[in-house]
Structures are given as C-alpha cells and as structure tokens.
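J.: As annotated by Swiss-Prot, FAD binding site applies to 10, 11, 12, 13, 14, 15, 122, 181, 371, with the evidence given as sequence analysis. If you look up Swiss-Prot, you'll see 274-288 marked as NAD(+) binding site.
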C-alpha cells in the first residue's frame, strides 16, 4: 500500500494550488485527477482576475501560488478594470490563451518537488476511530488500490455528482466530455455530510472566421500590461483586442419563445441556485423583461485557435435555438457554432461544516476547497486551495499553528470567513463590497500583506522573500525621503501647488493626500526623487493618497483583531451558557465559531448573547489566547 502525507482530489484551480501548497510546506503529496492532460483546464471563461478576483490572484501569488505566474505566461488581453476609480477597487484582469494556460499549469504541477500526479478516480475514503470526530486513514481508487493518508483535500469542482443539461437532454458529466464523480457524494453522505445542489453554465463557442468584426466595437487592453505575479517583469505573449456587441429584441423574442425548453428551467433545476451575478441569458430575459439589450464581450480563446468566447450569453437552450439566437445578434449573422452552451449542476457541502482552516468539523484531516464549498470562480477556488493545502500539510507538524487568514489581511480571509460563518445557498463570488477593509486590501500591496505570513508557514521561497525585503527597503527609503522634504506655505505658493493653505508646513508625503497632487507633480518640483524606481514611486503615491483614511482604518482593524483574538474553546457547551436563547444555542452550535469576533458575525446572534458568552468564558477561564 502506498503512503502519502497529503492526497488532493481534483486537478482544477483549487486542486493545483492545494497540491502545490502542501508540497511547498514539505508534505509528500499526491494529486489524483481523472485525466492528467486536463490539469489546469479553464472550463468556462478563459480569463483570470476582475473586480476583487484580481486581488485574490495577487494574494495567491504573494503566498507563492501558481495562478499568477501561469496567467502572465498566457495572457493575450490584459486590463485594469475600474482604473478611473481609486486603487482600492482596481481589478487586474487578463484574457488567457487557454491552449497556453493549461499546459503551462500542467507542466508546473508535474514538475513540482514533493508532488506526484496520477490519472485515477477516488471513489471512497476510510476513517479511523469511532469517537465524535474520526480521522482520515486512506482513500480508495476506482482500480481497487488503497492509498494510506491522514490528510485529504477534496477539490472536486463541478464533478461531484455532476449532471449536464442542454434543452431537454440531461446526462452525467462534470464538464462536457468528462465523466463525473458519482461515488464520492455517496461516501460523503455516508459520513454524515448533507449535500446541496448548485448549478452554473457556459455559453456556446463561435468560429472566429464566421464573425463580421467590422460591425463590432473594439476593446483594446492596456498599452503596458501589468503582470499578476510579483515575480514577473512582464507578460509573455502578444496582446490582442476583444470586441463588444449586444443582444436585441429579436434575440429576446427567440429566447422567450423557447424559455420552457432551456435545460436550466427544467422542473428539477428550478430550486437549484445559479450564480446571481453571472446569470444565463435566459435568466436575464426573465429577470429583466424591460431591458432592450444585453452586452456581450467577444473574447478570443487564443492566438492560434478560431474559438471565440461570447461572454454574457451563457445558455442551456436546445442546440438549434442557441444557433438561432447567435445569428440574431449584430456581427454574428453568419455565426458558426463550434461548441454549444450548457448548464451543469453539482453537489456541494454546507461550508459551515468547515473551520477557518477549511478542515471539516466532522472528520479530522479532511479539507475542502473550491466549488465543493459553494463558491464560483477560478480565483475563489485558487484562494481556498492554497489555504486548504497548506493547512493539510501544516496539521501534520506537532504544535504547529494553522494558517488562518483574516478579514483584515486578505480577500481570501474575507471569503473563507463569509463561507464558514454565514454559509451560502447560491454560488458565492467575491466583490470589493464584501470587504470592510478594502482600502487596505488592494491589488498593489498583496505581497506586503501576505508574503511574510507565507514565509512563516514555509509557503514562500527565499527568492520571493528576498525580493519583498528589497521592495520594503526601497519603500522605506522613499518614505523617509518624502517626509524629509518640508514645504512651507511660501514654498507651496512658489511652486503653485493647488491646495488650501492653513499656514502649516507639510512634508512631501502629506502633500500626496491632496486630490490635486500626484507623484508627477512632486517629481517636477523635487527631481531628486527620480532616483527611485517607477514602481516604487507608483506604490508610494497610492499609500500617500490613502494615508489619512488608512490611519482611521488601522484603528478599526485593531478593534476587529481584539475580538478575533478572544478565542472560544472548541469544546464549549452553549447549553451551559446562562441567558443564551435556544435559537442562539442552535446557531452557535452549528457554526462553532472560533472567536468572539466570528460569533458576532453569525446572523441572529445579538450583543446580549455575546455578553453572555464572554461572562461564561471568564468564569470558566477557558480562553486559549488571552485572558477574557
């Protein structure tokens, strides 16, 4: 019998990051996937990043993950979304050449130290112990082989009990052309997990040569693409344009006429939730009947392929209806469909079954990441994968603290806290609005926030850590230089600096907080600052712009962390807490919050309930982090 420290099931975005993270920490890791050639497949949109999502990719990269490096090698259309707004909501996004992204990710994974990859299917797992929380002991493969392990990560994507729907046709599949995992859901149910169903969809693909590009609006990317990885100097491939078109009344009439035939509208799927913010075109027509048109982005899927992805018209209508719909759209009158769209439904667990480490509460050593936890999106999956994989490996080390990212230090922390505290009834995706501390959680400073944390957990290479140290030294030197330049009221008048004067002296860093002052203005007045790199100057400008607000946010974060550090013992009996209502007891017992802060975020838990818990813990002297 083979023996591995960590076994990861699934070779998608969550699984790749989980396996690589476990291997980086030092665990002997096995990645089991149905087909090795499908590792890193972009099942839907061939793009990485976006609003909030782009920050997650940079956070994954700051922890030495794979996604940022891979997209930099495969990007063909890069853009910073929300560029006209503040840096706190900038969203780096890159269209990928899918035939470059997938093999690049696959090659990285196949050549990763401490990591073995096999093409197989995990059909069951065993546990040791009959106590309340048994321990993972092995996994069973479809060929009958038993592999011994005490740490298991499920990153099953849409394959867990996956079923595809196109029109009136339904068939088992995790992705078009790939069989689902049908036995694992049974195994999870047998061990007491309650599984729900979610669905998502994808649009048809169009032949590039059948599109009348002259009728469409061109959308160019950034002239100087910004790499995702802090280790990349530039992107590798030539950049191309995307194009914009719209649906129209004729399109909508075709869809309305055939709405009853859409697979996503079949009776068995009506109560299965789809992504709220990425609805199918038939759902858009149903929900927004007054809209005359809906925007479609035509995104080439690569430099050497004819396949074009029409972003915005995910559909599960019958194939002939899909073609009719496409040909009603401006520029697509002669469209040739290379592949039809479809809806896929799949199993997920209630993420409230997880700790913040992404380990399940029911079974010790079992971790989950990605769509199995109710999320949608490559980036959300990658963020969970790196946390689950790292913690699976870290938990093997005696007395080792787990990697728990907080709401105050990362979007990954926001996402995990939302999931394990609130749960979800629909596919969860990240937005900047979900983060209370988004002025701090920016795409430009992900390495400053997380790389040192990653290094402390053996996730980050010496090379990356050294690069961060050099960057911090440069930032510190520039900050000192700016603070050392003092502008008197006379200087402000002499240099024609357009700010309100109150008679006080201001240093150059303080000047940056004024809306009319940017780094370019300071460089004209004090040319000596040009000795610093353009990248360092740009980052410092952002810090200067937000400085007054960041100071206030630091106070908010301090208050937040005080409650996060007030731990609640895992063995607490909420029925023993005096004055706690039955409803509060049930909610707290279901979530099992790790801290007072986490308990406060549970819907329905009142300030009075929190006070009762604090009194109970003080009396019992059971706080593990600090005196309560």
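The backbone N, Cα and C atoms fix where each Cβ goes, glycine too.
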J.: Could you tell me which of these binding-site residues, 14, 122, 274, 278, has the greatest number of Cβ atoms within 10 Å of its own Cβ?
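T.: Answer returned by the neighbour count: 14.
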J.: Are there binding-site residues among 10, 12, 14, 122, 371 that sit within 10 Å of residue 278 (NAD(+) binding site), Cα to Cα? If so, list them; otherwise say none.
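T.: So the list reads none.
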J.: Within its own chain, what residues at least 6 apart in sequence put their Cβ under 8 Å from the Cβ of residue 12 (FAD binding site), listed in sequence order?
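T.: For residue 12 (FAD binding site), the qualifying residues are 40, 41, 43, 155, 157, 370, 381.
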J.: Taking the Cβ of residue 286 (NAD(+) binding site) as the centre, count every other Cβ atom within 10 Å, in any protein chain shown.
T.: 15
J.: Round to a whole number and give the Cα-to-Cα distance in Å for the pair residue 284 (NAD(+) binding site) and residue 122 (FAD binding site).
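T.: With the alpha carbons as reference points, the distance is 38 Å.
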J.: Reported as an integer number of Å, what is the Cα distance between residue 10 (FAD binding site) and residue 274 (NAD(+) binding site)?
T.: 22
J.: Quick check: in three-state DSSP terms, what is residue 122 (FAD binding site)?
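T.: Assignment for residue 122 (FAD binding site) reads strand.
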J.: List only the single closest residue to residue 288 (NAD(+) binding site), chosen from the binding-site residues 14, 122, 371 by CA-CA distance.
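T.: Nearest candidate: 371.
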J.: If you count other CB atoms within 10 A of each CB, which of 276, 284 wins among these binding-site residues?
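T.: Ranked by Cβ atoms within 10 Å, first place goes to 284.
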J.: Report the nearest neighbour of residue 371 (FAD binding site) in space among the binding-site residues 274, 276, 280, 282, 286, comparing Cα positions.
T.: 274
J.: Can you give me the Cα-Cα distance between residue 276 (NAD(+) binding site) and residue 14 (FAD binding site) in Å, rounded to a whole number?
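T.: Answer for this pair: 21 Å between alpha carbons.
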